[in-house]
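These come from TrEMBL:
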- A:1-10: compositional bias 'Basic and acidic residues' (COMPBIAS)
- A:42-60: compositional bias 'Low complexity' (COMPBIAS)
- A:121-317: domain 'ABC transmembrane type-1' (DOMAIN)
- A:1-68: region 'Disordered' (REGION)
- A:76-101: transmembrane segment (TRANSMEM)
- A:121-147: transmembrane segment (TRANSMEM)
- A:159-180: transmembrane segment (TRANSMEM)
- A:192-210: transmembrane segment (TRANSMEM)
- A:242-263: transmembrane segment (TRANSMEM)
- A:298-320: transmembrane segment (TRANSMEM)
Amino acid sequence: MTAHTDEQRGGLRPGTDAAPLPPRPDPTPTDGTRPDADAPRPDGAGPPAAGRAGSAAGSGRPRGSGAGLGGLRRPLGVGVVTLWLSVIVLLPLAALTVAAFGDGLAGFWDAVTAPTALAALWVTVLVSAIVALVNAVLGTLVAWVLVRDEFRGKRLVNAVIDLPFALPTIVASIVLLALYGPNSPIGVELNATRWGLVVALLFVTLPFVVRSVQPVLIEADREVEEAAASLGASGWTTFRRIVLPTLGPAILSGTGLAFARAIGEYGSVVLIGGNIPRDTQVASQYIQQQIEIDRPQAAAAVSVALLAIAFLTLFVLRVVSSRTQRREERDA
Amino acid sequence: MITVTSARKNYGSFAALDDVSLDIPSGSLTALLGPSGSGKSTLLRSIAGLESLDSGTVTIQGRDVTSEPPQRRGIGFVFQHYAAFKHMTVRDNVAFGLTIRKRPKAETARKVDELLEIVGLEGFQHRYPAQLSGGQRQRMALARALAVDPQVLLLDEPFGALDAKVRTDLRQWLRRLHDEVHVTTVLVTHDQEEALDVADRIAVLNKGRIEQVGDPVTLYERPANDFVMGFLGSVAQLGGQLVRPHDIVLERDRATALALDAKVADSPGVIDAVVERVVPLGFEVRVDLRADSGERFAAQITRRDAAELQLHEGETVHARAVARSSVVEHDPALAI
């Protein structure tokens, strides 16, 4: 198995929460013992906090260093990881679900299908889908340029890709408001429009596709493209028929993660979106609003709906990735 | 006919091709032979258009293709590491060149069937490259390259990634294939045995220059210089001259040796040497010797000669050279 397939597999194994970092080969906490968990990352960043915690718990030690010790520690490691995951992820999710169904199934259903709630969910999914698709195309292009083209300032551009993650999302919102807000210096006023939402979400989801496609492209065998050229394929034909199929899984995983991130985004849309119910109010803002007017059950119900959408996205990603993985394994 | 004229290519200060001119006759199987860094792969890739020359021209069948991209040179290229399209079946791999040319489906299918049969992969057409052995992958790559009816077939160390047994089988298979298809073929290799085995012409390259071009027998027996002599087979240094180990005769009797040596023109003379080791190599025996001057060399003699001589370590014998491959132009600086 080559390094790039490891990267792909890693990239397609997203954390269940909205990942705080781009889709690099994140070891999910339960996978802390995987030998490829410490695979080199092109951008040199570490795994997300949850993954690091799993390693720190003792189960993530590299294999082959003292089998006896490993055997002694493994049950302890598994125990700590399970406990940690329960406290951090599973129990809160369970509590949320219980709260959502506090008024029974009918109460849940009413809360989710309330016109404003439904509109908020719809806007969220619609805008996120647009953002994900734009990312799929432009993220791939950015990755391509960063890997294949030589130009001055390439390293700087490469570093800038991660900026949206380093920035608190509320800062992103202010930054965008400065350019696209009222009295926009370039005459483009997107505040309180759905386009404003799209721009904000594009800003924060920029790194996902770029960072998942980049390593695959670096590892790609250039001779395969030369072979296609020698057989008469034009640059575009080679890209479409030879390169794209290899990048497919990475693009898909990056797109999926960008989508999952976009549906849960709050900070970056809170200022530029305008929070207009049934127009630009996204689900996260709706939830916030319900809490403020003391309707925790409605907030929990819409949260569970968001959760379900996120789970569905990740589930589809897993199915597709395991399918590609099967093909990749034949390559081994 | 492929003609390369005054080709130059530099990578920084390193001259990969230093004024190379070469004619490759139509229908021949020519090997570009040389050590790594000799420029042989660069020359092949320049013919293919995968590398652009700093200066010089390339013509294929009379057409100047120097500034044409690989797509329009009418070539087939086979890579050392197969360059298989991993996400396509064997059949789709072979059909690729025809599919993108939008040839009629029936014609493509017929052509692919024919090629799969030639390379012996009929039963494997629905497999993926990953499910094939290295030798099968390379045969698939060959079929893929041949599918577009190239004017020239270019092979870059095609057997380099295969193990010894498969390599020998495959190069003999390539030779038979070439006798059937007759497409002008250029093969890059660093393995002199491979070049002597399959090629009908060999161009020996060294440090970006062509040392000698000719048929295998000429190159072996009349090497232009010490480099070619040393690269095309093993050599022994005998009395300051390079000779092939199998051209050395060992005599027990010094007088006999001197008498017989007198009949050989230009001979290095009779060298007295001590037997250091006798190594049986199947049908031949290698005798490691040390001359009085301290120079070490090896002679390769038949089993029968070895039995007659009854050589033992520590004994002194008298070595002379016969009918030797002689270097046309002796230059010790080129010796390897």
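Cβ coordinates are placed from backbone N, Cα and C, and glycine is handled just like the others.
Because TrEMBL annotations are produced automatically, they should be read as predictions rather than curated entries.
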Looking at the transmembrane segment (A:298-320) and the transmembrane segment (A:192-210), are there 3+ C-beta pairs under 8 A, with each pair at least 6 apart in sequence?
no
Residues of the same chain, at least six outside the transmembrane segment (A:192-210), with any C-beta under 8 angstroms of its C-beta?
22-23, 123, 126-128, 130-132, 134-136, 138-140, 142-143, 146, 161-162, 164-165, 169, 172-173, 175-176, 180, 251, 254-255, 257-258, 261-262, 265, 268-269, 272-274, 276, 279-280, 282
Taking a Cβ cut-off under 8 Å, which residues six or more beyond the ends of the transmembrane segment (A:121-147) line up next to it in the same chain?
112, 154, 157-158, 161, 194, 197-198, 201-202, 205-206, 208-211, 213-214, 217-218, 247, 251, 254-256, 258-259, 262-263, 279-284, 286, 302, 305-306, 309
